[in-house]
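J.: Provided herewith is a single structure, encoded as structure tokens, for subsequent inquiry.
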Amino acid sequence: MSQANVTQTLEQMYAATLLIYKLYMTIGGTAIFTNIIIVIIFSSSCYLRVKYQLLIALAIGELINGVAFVVVGVTKQRLVLSMTNNTVTMRTIWSCATESYPGLLVLGAQWPACVTLFLGLERFAAVHFPIWYKVNMNGKERFKMVVFSVVFSLVSLGIAFVQTYIFLGKNLTTFFCTITGAYGTYYAAWNYIVTVFGYLFSFGLNASAFLTAKSKSRLIKSGLNAEMGKEITLVRLMLTISFFSTLLVSIPNITLWGQGKVWNVNVTSVGYLYVSFCASSVINIFIYIFFNKDFRTQLFRFIRFCPSSKSAVTTVDEIIVQNRP
């Protein structure tokens, strides 16, 4: 029996870990594919492109998250299989920080969280302050929110690099290069805060908007009830997005934050928590198919007319007309 253990290959010794990395690559690749579809569908007409700017930004952020997990899976699988004598090599923190995937993981976490928070704020304002919303909210304002979310995420990542270079650069960490290993404990805590509370606050805002919209729809006159019905449909969409993001990202992040401080989770379970982060980047396409008529109609038109490019182009204006409020 002992002889069998001695002659185990690296694939056998680290089978559970390698399985997790394969899941990263598989689910990450799926996230890339599904979010490319989302971007194409929402960008396929001027009307949808303006109305759903934030959802396009969210899809790009989730796409980046998918790319990050594919790169993580490929890189860490190679590192595990290259180990000798079951030892882990140390490297400088700065060399970890300048690897491609820690930065992609930060962008793939913080940008979608920021965009989802803006989606919650928009729906909250639409329901609780409808007059202000009608007067002030338009395509230009949504574009400003997209720009702010991009700037926020890039500045946050820039701070990660600067503080690592100044304070931590020559310190050593393991060659697996986690976010904590690349940018330090304090920045990892900041990343948890942005990711956890971005989705939690968005869920709270959307839940408040949904309950208020349902209440108003029962009280207001029938002439305005149709308008509130449209708002309920939009809020339900955003509430579903924020719910699954909270379930698959915020709650696992809280678990990871408490790891070693409040509780202890085994290494394999921690790996599957990261798998849930990646899975959160896949689920939105199904939410749009079920809860967004604009997306569903445009997607099915693309599927139906895919063999004929002329037909696919000529139906765009029809979709715009059908979906104008």
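Glycine is no exception: its Cβ is also placed from the backbone N, Cα and C atoms.
Pasting the relevant annotations from TrEMBL:
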- 20-42: transmembrane segment (TRANSMEM)
- 54-74: transmembrane segment (TRANSMEM)
- 145-168: transmembrane segment (TRANSMEM)
- 188-213: transmembrane segment (TRANSMEM)
- 234-251: transmembrane segment (TRANSMEM)
- 271-291: transmembrane segment (TRANSMEM)
J.: Considering only Cβ pairs under 8 Å, which range in 20-42, 145-168, 234-251 makes the most contacts with the transmembrane segment (271-291)?
T.: 20-42
J.: Pairs of Cβ atoms less than 8 Å apart decide it: which stretch in 20-42, 145-168, 188-213 has the most with the transmembrane segment (54-74)?
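T.: Stretch with maximum Cβ contacts: 20-42.
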J.: Residue list, the transmembrane segment (20-42) vs rest of chain: Cβ under 8 Å, 6 or more residues beyond ends.
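T.: Distal contacts: 48-49, 52, 55-56, 59-60, 62-63, 65-70, 72-74, 76-77, 80, 268, 271-272, 274-275, 278-279, 281-282, 284-285, 288, 295, 298-299, 302.
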